[in-house]
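S.K.: From Swiss-Prot, for reference:
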- ASP64: active site, proton acceptor (ACT_SITE)
- HIS60, HIS62, HIS140, ASP209: Zn(2+) 1 binding site (BINDING)
- ASP64, HIS65, ASP209, HIS269: Zn(2+) 2 binding site (BINDING)
Amino acid sequence: MKLTFLGTGAAIPTKYRAHPSISLKFDGEIFLFDCGENTQRQIIFTDVSPMKINNIFISHLHGDHILGLPGLLQSVAFQGRTKPLNIYGPEETAKMLENILNVGYHSIDYPINVYEISSKTPEKIISTDNYEVYSFPVVHSVPALAYVFRQVKKPRMDLEKVNKLGIEIGPDLKRLKDGFSVELNGKIITLEDVTLPPKKGICVGYSGDTIPLNEFAEFLRELKCTTLIHEATFDKTMDKNAKETLHSTVHDALNIAKLSGVNTVILTHISARYDELSAFENDIVEFKAENPDLHVLIAEDLMEYSLK
């Protein structure tokens, strides 16, 4: 499982930071979080395959998070996409997409499914055998969502228990693995009788644009998240600006990471005012003096991060 930071800037792009977009590669599939302008070109410089993007998660409808959608949707159509593509976002996402695609002429023949998510309560929006995706309402100047991707691990077969019960490799063991019970020597044996608890799966949260929310930290802790991607638009001397614009500072993001219990926090959505990051680095050094175990990274465009 791997993250690729396609764009790590904020409202205005710079020479070094494109508009926000992050891909997550899992089990041969690409999950895209936000799709700012220039996303499809950033993808060219990575190993991300646009044709393997089946789900796009939009945090909110500000232009810097959505204006890459029409180009990306058109390009995969040119490449022959026929498979449906799912787009998740807050209220008005369907109207936004309709308006964008009504500008100019587009040849998009594959199905696009739009799912509008409540920005009032947390929801599990996708559930499969291998992963789950949750939304969480955050506080910004427009309806906004955070997202959490969590890997689902299956129970592990306990060979010691299998041998002790006298179950041989064959049809009975296969039925147990498939979730069915079997009868052996007059005793009913279930999958729970021969398995160990599942290992902890990888869990990563993405804040989108938001003020710092302790409730989001508690949600991440509840889901046992290990990695957090959190916006850090400003350094801590710009706290007033952050409050006025409903964004977060470096210190805000680090504090939410601490409260959530994650091992790693990756800071993104960096304001265009920062040509260099010494102010960010100073804030991190100060925070880590009292919290040395937290792994902190500042995202850069095209940076990759393996999730283990």
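Cβ from N, Cα, C; glycine included.
Have a look at these and tell me how they're positioned relative to everything else.
M.R.: The Cβ of ASP64 (active site, proton acceptor) has GLY9, ALA10, ALA11, ILE12, PRO13, HIS19, PRO20, GLY36, GLU37 as same-chain neighbours under 8 Å, each 6 or more residues away in sequence.
A coil conformation is recorded for HIS60 (Zn(2+) 1 binding site) in the three-state DSSP classification, outside any helix or strand. Less than 8 angstroms from the CB of HIS60 (Zn(2+) 1 binding site) sit GLY89, PRO90, HIS140, VAL142, PRO143, ALA144, LEU145, GLY208, ASP209, each of them six or more residues away in the same chain.
Long-range C-beta contacts of HIS65 (Zn(2+) 2 binding site), restricted to its own chain and to partners at least six residues apart, with a cutoff below 8 Å, comprise HIS19, PRO20, ASP34, CYS35, GLY36, ILE58, SER59, GLY208, ASP209.
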S.K.: Given HIS269 (Zn(2+) 2 binding site) and HIS62 (Zn(2+) 1 binding site), what distance in Å do their CA atoms have, once rounded to a whole number?
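M.R.: About 13 Å separate the Cα atoms of these two residues.
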S.K.: Within 10 Å of the Cβ of HIS269 (Zn(2+) 2 binding site), how many other Cβ atoms can you find? Include all protein chains, please.
M.R.: 30
S.K.: Around the Zn(2+) 2 site formed by ASP64, HIS65, ASP209, HIS269, list the extra residues of the same chain whose Cβ is within 8 Å of the site's Cβ centroid.
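M.R.: Filtered neighbour residues, in order: ALA10, ALA11, HIS19, PRO20, ASP34, GLY36, SER59, HIS60, HIS62, GLY208, GLU231.
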S.K.: An 8 Å radius from the center of the HIS60, HIS62, HIS140, ASP209 Cβ atoms defines the neighbourhood of the Zn(2+) 1 site; name the other residues of that chain inside it, in order.
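M.R.: For the Zn(2+) 1 site the neighbour list reads SER59, LEU61, HIS65, SER141, VAL142, ALA144, GLY208, THR210, LEU246.
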